[in-house]
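Chemist: After the structure tokens below, expect a handful of questions from me.
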Amino acid sequence: MLVKSLLNDHIQTIRQFDEELLDAISRFADRCRSALNGGGTVFFMGNGGSAADSQHLAAELVGRFQRERKGLPSVALTTDTSILTSVGNDYGFDRVFARQVEALVKAGDVVVGFSTSGNSANVIAAFKMAKEQGAFTVGMTGRKGGAMRELCDLCLCVPSDTTARIQEAHITIGHIVCELIEEV
Ligand SMILES: O=C(CO)[C@@H](O)[C@H](O)[C@H](O)[C@H](O)COP(=O)(O)O
Ligand SMILES: [Zn+2]
């Protein structure tokens with residue numbers, strides 16, 4: 001049955017998280033915590049479903065995940081249609097995140113990019129800019145990792161080659177990171 005087999009794929013993907021990935025999730029949360037404690041901001045970006053993940057996680061930090069606490073500085077670079085259309089129109093779609101990183105990101109910030117292929121040109125360009133700005137970069141991708149694997153300071157490769165399964169694992173990891181950030 002297709003439904004059961006798709007659910008099994010999802011379960012298998014999560015089951016196949018190895019120690020290296022679990023350790024990377026903890027390090028991701030630690031980096032966010034130290035950036036936030038030092039007055040920094042956590043930025044998120046991605047295309048399509050990954051844009052939705054970016055907005056979802058920024059909302060968890062600015063608003064509330066599970067605990068009552070102060071709002072934490074976080075920005076999704078996927079939301080301002082005036083910026084996205086002006087930069088896309090004037091400089092090209094590949095620059096829509098990089099330009100915002102140039103304008104907003106400071107040393108000590110964390111820049112998180114979601115890309116199931118690891119190869120979305122606008123995410124890659126923004127990571128390069130984030131390094132120039134002195135930020136810590138976290139790539140969230142799939143098994144192969146694409147260009148992101150070598151480019152990011154920390155790269156979390158979900159053990160699947162299927163976009164949907166990778167995205168499902170990304171939001172699970174994102175929620176775990178939010179829980180660890182709130183733990184303090
Ligand atoms: O949500 C989905 C598919 O599940 C799509 O919207 C998907 O995110 C888009 O095709 C993206 O453009 C894919 O980009 P990426 O994950 O390779 O960076
Ligand atoms: Zn999707």
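Just so it is clear, glycine is given a Cβ too, placed from its N, Cα and C backbone atoms.
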Chemist: Please identify which of Q12, Q167 is recorded by TrEMBL as part of the substrate site containing N47, G48, G49, E60, N89, D90, S115, T116, S117, S120.
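Modeler: Record source TrEMBL; matching candidate: Q167.
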Chemist: In angstrom units, rounded to an integer, how far apart are the Cα atoms of E60 (Zn(2+) binding site) and Q167 (substrate binding site)?
Modeler: 17
Chemist: Less than 6 Å between Cβ and the nearest atom of ligand 2 is the rule; apply it to the binding-site residues G49, H56, N89, S115, S117, H175.
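Modeler: With ligand 2 as the reference and 6 Å as the Cβ limit, the list reads G49.
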Chemist: Please name which of the binding-site residues listed here, N47, G49, S115, Q167, is nearest in space to H175 (Zn(2+) binding site), Cα against Cα.
Modeler: Q167
Chemist: Taking ligand 1 as the reference, state which of the binding-site residues N47, G49, H56, N89 have a Cβ closer than 6 Å to one of its atoms.
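Modeler: The binding-site residues passing the 6 Å Cβ test are N47, G49.
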Chemist: What mean pLDDT score does the domain 'SIS' (32-184) have in the model?
Modeler: 97
Chemist: If you run the three-state DSSP split on E60 (Zn(2+) binding site), which class comes out?
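Modeler: Its secondary structure by DSSP: helix.
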